[in-house]
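Enquirer: Encoded as structure tokens, here's the structure I'll be asking about.
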Amino acid sequence: MAQTQLLDEQDDGQISEYHVMVTVEDSTRPQTPPTGRTHPYQDTPPFSQVDDKPKDSKQRGFRRIRKNQDYVHITMAKSSTSRLPSEWWKTGIAFIWACFNLVLTTAMITIVHDRVPDKSVSPPLPDKFFDYVPRKEWAFRVTEVFGMILVVLWFIQWLSLKYRAIVGRRFFFLQGLLYMYRMVTMYITTLPVPSMHMECAPKLQNNSYEKLQRAYQLVTGAGLSITGSHRMCGDFLYSGHTVMLTLTFLFIYEYSPRSRLWTVYHVICGLLSAMGMICILMGHEHYSLDVVVAYYITSRLFYWYHTMANNQALRGSPHNYLSRVWWNFMFSFLEKNVKLPVPCTFSSPIPVPSVSFKNPCRSYSKVQSSREE
């Protein structure tokens, strides 16, 4: 244990003596705090002598302080914040990527809609699920309600994450990638309507202005039937509703704790996601193939991305075949400075104003002070 003294100070002929003790514990044995008035030096001269030779007293005291000082070297771990930078500008680019592909997909729906064959000419394809489960009119509305609940829950959870910038750009990148793939699949293969109940909007062969209006209406209505914005056909392979149901649940589960209380939350979100997919089929709004393919592509891309993101050794390995995917350059751009798996840490999304507290550093080592003439 090391003791440091604050020397006597002279102010206008008066002497103030401050005895300050700093304790540095270098063992696990409990220390008994000093009681009463403590004089670190037994050879401290009386005040009468200090009055005669204050300068010599102070010089001797400084020499003793330098001689008796103890230094403890504490190695601090490198902050994880520098290894998990926010880089919100990258998150903004990922958001633009998602919006760009969403708009392109919407425009593609308006084009594919005119290619869908009439029900009287090309009836719905046979589907095993439809053979055993009759159509329920309310089912697809339930799907969209469950989807909106999952999106809201994920949005609130995302805002509460400490590393929301990193998680956000991962979500936006995967969302944009999935919608780009969906745009390709619906364009190269146009399926007939899955059920005879579907009423498609009139076709607009060469009316570009009306097509733009439909695309705008679809975007502003979030592509939901309950908002009346989705009356076009052709966007069957693969299901966009299944993409959002799957993607939101996977992110909810990945970036939340594994405690018992959170397990209940996971089960509820998992049931919402699974029941939403089942209700898509019960409403006969998509073929079973549309739902299966959407789930498979969404889950594989999610696991693929996070496998590379959470394993640093895979990124630079020449034997990593996962990195040979075409979008690896975009992955490297987004994850270049992320050196650790993102921990599940929560923080307030709104900056909390600092409160004026008494500075504890001013008094943590001060045990007694006195002022005498």
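Placed from the backbone N, Cα and C atoms, the Cβ positions cover glycine too.
According to TrEMBL, the record shows the following:
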- 50-59: compositional bias 'Basic and acidic residues' (COMPBIAS)
- 232-307: domain 'Sphingomyelin synthase-like' (DOMAIN)
- 1-61: region 'Disordered' (REGION)
- 92-112: transmembrane segment (TRANSMEM)
- 138-159: transmembrane segment (TRANSMEM)
- 171-189: transmembrane segment (TRANSMEM)
- 236-255: transmembrane segment (TRANSMEM)
- 262-283: transmembrane segment (TRANSMEM)
- 289-305: transmembrane segment (TRANSMEM)
Enquirer: Most CB pairs under 8 Å with the transmembrane segment (262-283): which of 92-112, 138-159, 171-189, 289-305?
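Expert: Maximum Cβ contact count belongs to 138-159.
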Enquirer: Output the single range from 138-159, 171-189, 289-305 maximising the number of Cβ pairs under 8 Å to the transmembrane segment (92-112).
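Expert: The stretch with the most contacts is 171-189.
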Enquirer: Could you put numbers on the helix, strand and coil content of the domain 'Sphingomyelin synthase-like' (232-307), residue by residue per DSSP?
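Expert: Final tally across the stretch: 58 helix, 0 strand, 18 coil.
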Enquirer: If you average the pLDDT over the domain 'Sphingomyelin synthase-like' (232-307), what number do you get?
Expert: 94
